[in-house]
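K.L.:
There's a structure below that I have some questions on.
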Amino acid sequence: AWYVPCLASLETLQELCRKENLRCKSIGITNRSLKSYEVEYLCDYKVEEGKEYYLVKWKGWPESSNTWEPEKHLNCPLLLQNFLSDKNEYLSRVREGKALKVRNHIKALKPAIADYVVKKAKQRIALQRWKEELNRKKNHKAMILVENTVDLEGPPLDFYYINEYKPAPGINVLNGITTGCECADCPAEKCCPKEAGFILAYNKRKKLKIQPGLPIYECNSYCRCGPDCPNRIVQKGTPYSLCIFRTNNGRGWGVKTLQKIKTNSFVMEYVGEVITSEEAERRGQLYDNQGNTYLFDLDYDSDEFTVDAARYGNVSHFVNHSCDPNLQVFNVFIDNLDLRLPRIALFSTRTIKAGEELTFDYQMKGSIDLTSDSADGLSPSKKRIRTVCKCGAVCCRGYLN
């Protein structure tokens, strides 16, 4: 026998069981809980004979089971607050942002308002589930939050969170490491970077000290040093709590930091599917019409492979472009010394305040002068259709490519 994961949520399965009067202990539907009721969200509002009523969607029950309940029966202050907030938000948008005076004598909500309130409630639940999914799948301690106060857009339907490269068949992203360093004190001895002919990338405070364009060689799984080795930074994953949020200027999703980030700090790794350049060319023709910019050429040493983060990726999938970015790209080698397949790490170029959006230049080169085209390094795949840039920077070039 073989099994496939169920794509339905727990609440959907509970709804099916209750609708068909079935019991299933594994999802919490027993004889005792078959008739249990918990408010999932509020759908509508009306006043009858001087009493206020709310239309209730019961958690784990189909919408056909919604009932009107007096406010005194509802022990859900947060859901009531969300309902009133969503209603006022809709009205304020209709009035083009003018000051809203809430009238207390409304007898019933207009269908358009009730529809908006329900959509916002469903979106809030979907985003909460997405946030929980992201935090289950991540392999680092920092939290991932999700926020949308701009529109009704929910989680992306065709995006799958991964923590490391997903190689296409025939591509080996773990190749070339057979030994590690014997250091007792990595910064002071002939460690992995020196063996590769480069200097150690980090200082004593574990901040980046090398210039853009130079590679980072971290200690690997064969090294004698432990997890506290100062030459193990990128491999530990994102150290900062981040928030995927909906931008208000048409740039879709973005990422902001919830903590202060100091200059030259590792922020996140860019991961996705590792594909051949030929496959990237084929996909690029499809992405062009959508204005997508998820293809990164791994051209540190050659241009044989590309990282495609369109469907598979981590938080970096949502990081927007800026012509004046606060993140810089570096090539990293840890458990793979194949120069054709570096890992991609993003480091801060300056101090980034908590709440500030994270950005990098999609045309960034591995040099100090980001406007120079002479340096080799990491760069996104060339696009055929020019995409207008909305970064808003003073030095904006006008296009993403």
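Using N, Cα and C of the backbone, Cβ positions are placed for all residues, glycine too.
Quick paste from TrEMBL:
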DOMAIN    37-95  domain 'Chromo'
DOMAIN    179-237  domain 'Pre-SET'
BINDING   Cys181, Cys192, Cys219, Cys223  Zn(2+) 2 binding site
BINDING   Cys181, Cys183, Cys186, Cys191  Zn(2+) 1 binding site
BINDING   Cys186, Cys219, Cys225, Cys229  Zn(2+) 3 binding site
DOMAIN    240-363  domain 'SET'
BINDING   Arg251, Gly252, Trp253, Asn320, His321, Tyr362, Lys390  S-adenosyl-L-methionine binding site
BINDING   Cys323, Cys389, Cys391, Cys396  Zn(2+) 4 binding site
DOMAIN    385-401  domain 'Post-SET'
K.L.:
Mind telling me which of the binding-site residues Cys389, Cys396 has the densest Cβ neighbourhood, counting other Cβ atoms within 10 Å?
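P.N.:
Of the binding-site residues Cys389, Cys396, the highest Cβ count within 10 Å belongs to Cys389.
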K.L.:
Starting from the Zn(2+) 1 site formed by Cys181, Cys183, Cys186, Cys191, give every other residue of that chain whose CB sits within 8 Å of the mean position of their CB atoms, in sequence order.
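P.N.:
So the additional residues around the site are Glu182, Asp185, Pro187, Glu189, Lys190, Cys192, Cys219, Cys223, Arg224, Cys225, Cys229, Asn231.
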K.L.:
Which value does the mean pLDDT take for the domain 'Post-SET' (385-401) in this predicted structure?
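P.N.:
So the average pLDDT across the domain 'Post-SET' (385-401) works out to 82.
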K.L.:
By Cβ distance under 8 Å, which residues at least 6 away from the ends of the domain 'Post-SET' (385-401) in the same chain are close to it?
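P.N.:
Distant Cβ neighbours of the domain 'Post-SET' (385-401) are 249-251, 288-289, 291, 293, 320-324, 359, 362-363.
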K.L.:
By Cβ count within 10 Å, point out the most packed of the binding-site residues listed: Arg251, His321, Lys390.
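P.N.:
Result of the Cβ crowding comparison: His321.
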K.L.:
In whole Å, how far does the CA atom of Arg251 (S-adenosyl-L-methionine binding site) lie from that of Cys389 (Zn(2+) 4 binding site)?
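P.N.:
About 9 Å separates the two Cα atoms.
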K.L.:
Including all protein chains shown, what's the count of other C-beta atoms within 10 A of the C-beta of Cys229 (Zn(2+) 3 binding site)?
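P.N.:
Its Cβ shell of radius 10 Å holds 20 other Cβ atoms.
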K.L.:
Tell me, how many other CB atoms lie within 10 A of the CB of Cys181 (Zn(2+) 2 binding site), whichever protein chain they belong to?
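P.N.:
Cys181 (Zn(2+) 2 binding site) is surrounded by 21 other Cβ atoms within 10 Å.
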K.L.:
May I ask which of the binding-site residues Cys191, His321, Cys323 is closest to Cys219 (Zn(2+) 2 binding site) if we compare their C-alpha atoms?
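P.N.:
Given the candidates Cys191, His321, Cys323, the nearest one is Cys191.
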K.L.:
Write out how many residues of the domain 'Pre-SET' (179-237) are helix, how many strand and how many coil, based on DSSP.
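P.N.:
Counting residues per DSSP class in the domain 'Pre-SET' (179-237), I get 10 helix, 4 strand, 45 coil.
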